[in-house]
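*Asks:* Here's the feature list from Swiss-Prot:
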type: SIGNAL; residues: 1-24; note: signal peptide
type: DISULFID; residues: Cys106-Cys138; note: disulfide bond
type: ACT_SITE; residues: Ser125; note: active site
type: ACT_SITE; residues: Asp245; note: active site
type: ACT_SITE; residues: His298; note: active site
type: TRANSMEM; residues: 406-426; note: transmembrane segment
type: TRANSMEM; residues: 429-449; note: transmembrane segment
type: TRANSMEM; residues: 489-511; note: transmembrane segment
type: TOPO_DOM; residues: 512-519; note: topological domain 'Cytoplasmic'
type: TRANSMEM; residues: 520-540; note: transmembrane segment
type: TRANSMEM; residues: 553-573; note: transmembrane segment
type: TOPO_DOM; residues: 574-622; note: topological domain 'Cytoplasmic'
Amino acid sequence: MLSCSSFLIFFLFSWVLLPMKSFAIPIISLDKVRLAINDGASEQLPVVIWHGLGDTPTSFTLTEVSQRVQKLTKGAVYAIRVGDNEFEDIKAGYLGKLEDQLDEVCDLIGNEDSLSNGFYALGLSQGGLFLRALAQTCDAAKIRSLITLGSPHSGINTIPGCSPTNLICKAVVHSILGLGIWHSWIQNHVVQAQYYRTEKQYDKYLENNKFLTHLNNEVLHDNYTRNIEKLKELDNLVAVSFERDDIVEPPYSTGFGWINETTGENIEMEDFVLYESLGLKDLVNQGKLETISFPGRHLQMRWGDFDALVLKYFKDEKEEKTELEESTRPSNFLSTYFVSPLVSAIDGTVDYLHGKSLFPEKRNFKELTMRKRSIVTPEDSEEVYPYISEFVAASNVSEEKGPKSFANLAFITIFSHFFYHIDDMWRSTLGLFSLIPQIIGIIYLTVMFTGRELDTFMQFGGQVVNEFINYVVKVSLKYPRPADIEYGVGYGMPSSHSQFMGFFSAYMIAWDYKYRRSQCFSMLSFAKYAIYLTLSTFVCSSRYLLDFHYLTQVVYGYMIGFGVGLFWVYLVGKLRSLGVTKWLLSLPPLQFFYIKDTIPHSKDNHKRQWLESKQFKNQKSN
């Protein structure tokens with residue numbers, strides 16, 4: 001799910017600035033996921049996936065989830081897309097009438113021959129709520145088993161949250177909730193308002209909400225009995241919750257529960273109104289309804305746990321072994337002459353430091369991924385999640401985080417992202433520290449296109465090479481991140497943020513030593529170096545304290561980046577002495593943009609230009 005700021009932006013742009021044609025019912029399609037397997041000849045029932053708020057079937061994470069499901073089940077996988085492009089699909093997650101969208105999806109499923117004999121369904125976040133609505137209202141949707149991950153079955157009592165530092169977002173949401181949430185236009189056009197529920201205004205909810213009240217049988221309506229009977233047709237309904245869900249409020253809604261809005265106490269499913277009104281009691285007695293809770297945040301789970309759910313509830317024929325294809329590996333040249341020596345050096349250094357007790361926490365990364373913060377291992381999972389251990393053992397699926405495509409890792413590495421943590425100023429501040437590399441990247445681009453100095457372009461080129469090295473090492477080592485990391489973000493050794501800052505610090509300090517040696521021991525220079533190292537400390541600390549990386553991953557990321565930065569200063573200096581930079585400056589494209597190489601050869605360049613500018617102004621005034 002996206003933040004409330006995104007909700008407001010989509011709301012304003014879609015209904016105020018976009019043409020009136022936006023009011024039309026959007027196109028809905030089923031995008032079939034295809035891999036290099038013969039899914040057409042398989043008798044395995046297909047799987048239909050409906051993504052969550054702010055996502056699309058073509059996003060990195062959804063693509064990987066879809067492909068993983070297909071590899072595990074060896075059957076066809078379809079992803080529901082509302083709209084004829086990604087923007088329309090994201091917009092439909094915020095704006096539109098749910099009844100219209102569900103009717104369109106129902107018709108589409110009815111016209112898809114491969115779904116006529118039934119299918120399995122996987123819903124992420126609000127997509128799970130919509131799939132349950134299909135199961136209850138659409139005769140064509142012959143869903144066998146439905147798994148919902150973090151889906152607000154009982155509704156939400158607040159719009160998906162703002163960060164604690166975004167006061168404008170909070171003020172606007174407060175106004176919407178206080179003044180307009182029950183307005184007929186809001187109820188017919190804002191998706192989240194259609195499953196908004198609060199017992200503080202329960203009468204208004206029952207009177208004005210036409211989607212969730214009917215779906216959950218909280219009011220009498222024509223399809224009251226049909227809702228109950230249609231749910232009973234499911235073989236399995238699996239509601240997965242996340243104990244620290246910071247998107248769905250209250251988080252107990254994902255397990256058909258609620259919260260006492262006065263005392264804040266949890267209301268279990270068995271004590272909530274839906275247990276009787278929706279026939280959940282009968283489903284429990286028949287063994288068809290299972291509620292499962294994982295320790296993480298919203299949609300945060302291990303690949304192994306995800307695989308176990310898919311194998312148990314979506315696999316027609318249980319096989320003794322299901323192996324996933326390995327991610328794309330580096331070329332033989334890189335692996336032989338670069339990756340292997342670097343990996344050996346890292347492992348050897350870890351062993352040495354461990355032997356010296358400098359890093360007594362040397363870790364079995366696989367074991368840590370399964371054990372940290374109550375994430376159970378296959379050995380003790382039988383006690384906590386008995387249904388999982390059987391299928392983890394049977395499938396032999398890796399417990400590591402799933403591999404990422406190069407584009408995905410490049411996006412995460414260079415541009416990154418972090419999650420706002422509602423009502424947690426400390427974690428939000430740490431998250432902002434994680435954006436320091438992105439701020440430095442913007443400064444790079446600004447200086448390159450305003451100063452047009454070749455030396456700056458060379459430094460930025462070194463940062464890009466440094467990021468590529470980070471990617472190669474990550475996919476070679478395949479060390480997972482901590483178990484608390486948000487779902488599906490990739491490998492963790494070494495930390496790219498730390499490696500970025502290591503390169504930046506080393507390059508800036510080494511460059512001063514090489515080209516400004518007479519000044520590098522001045523108080524001003526020491527102040528600059530202190531700033532570089534302080535920024536690096538902020539970034540590295542945030543990556544560890546926010547559980548994006550283990551401490552060793554942060555330390556080695558910084559060490560690798562520092563080493564690459566020192567080497568890059570040497571390399572650029574060597575190229576300059578060999579005349580390569582002079583040759584580059586003679587190239588027509590660089591001459592066209594007036595690229596120059598003056599910084600290394602002139603001291604006090606900025607002061608000189610400032611004096612020249614001042615003299616020019618004085619002459620002009622005279």
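The backbone N, Cα and C atoms fix where each Cβ goes, glycine too.
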*Asks:* Out of Cys106, Ser125, Cys138, His298, the recorded positions in the record, which is closest to Asp245 (active site) when you go by Cα distance?
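*Replies:* Nearest listed residue in space: His298.
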*Asks:* When DSSP states are folded down to helix, strand and coil, where does Cys106 (disulfide bond) land?
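*Replies:* For Cys106 (disulfide bond) - judged by DSSP and reduced to three states - the answer is helix.
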*Asks:* C-alpha of Cys138 (disulfide bond) to C-alpha of Ser125 (active site): distance in Å?
*Replies:* 20
*Asks:* Quickly jot the same-chain residues contacting the transmembrane segment (553-573) by Cβ under 8 Å, restricted to those at least six beyond its ends, or write none.
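*Replies:* Distal contacts: 342, 346, 349-350, 455, 458-459, 462, 465-466, 469-470, 473, 479, 481, 492-507, 510-511, 514, 536, 540, 543-544, 581.
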*Asks:* Rounded to an integer, what is the Cα-Cα distance in Å between His298 (active site) and Ser125 (active site)?
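*Replies:* One finds 8 Å between the Cα atoms of these residues.
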*Asks:* What does the structure give for the C-alpha distance between Ser125 (active site) and Cys106 (disulfide bond)? Integer Å is fine.
*Replies:* 20
*Asks:* As a quick check of your reading of DSSP, tell me how many residues in the topological domain 'Cytoplasmic' (512-519) are helical, how many are strand and how many are coil.
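*Replies:* Summed over the topological domain 'Cytoplasmic' (512-519), the classes give 4 helix, 0 strand, 4 coil.
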*Asks:* Could you list the residues of the same chain, at least six apart in sequence, whose Cβ is under 8 A from the Cβ of Cys106 (disulfide bond)?
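*Replies:* In sequence order, Leu134, Thr137, Cys138, Asp139, Ala140, Ala141 meet the Cβ cut-off.
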*Asks:* If you count Cβ atoms within 10 Å of the Cβ of Asp245 (active site), leaving out that atom itself, what do you get?
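*Replies:* Here the count is 23.
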*Asks:* When you tally the Cβ atoms that lie within 10 Å of each candidate's Cβ, which of the recorded positions (Ser125, Cys138, His298) has the highest tally?
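*Replies:* In terms of Cβ crowding, the pick is Ser125.
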*Asks:* Which value does the mean pLDDT take for the topological domain 'Cytoplasmic' (512-519) in this predicted structure?
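*Replies:* Here the predicted model's pLDDT, averaged over the topological domain 'Cytoplasmic' (512-519), is 78.
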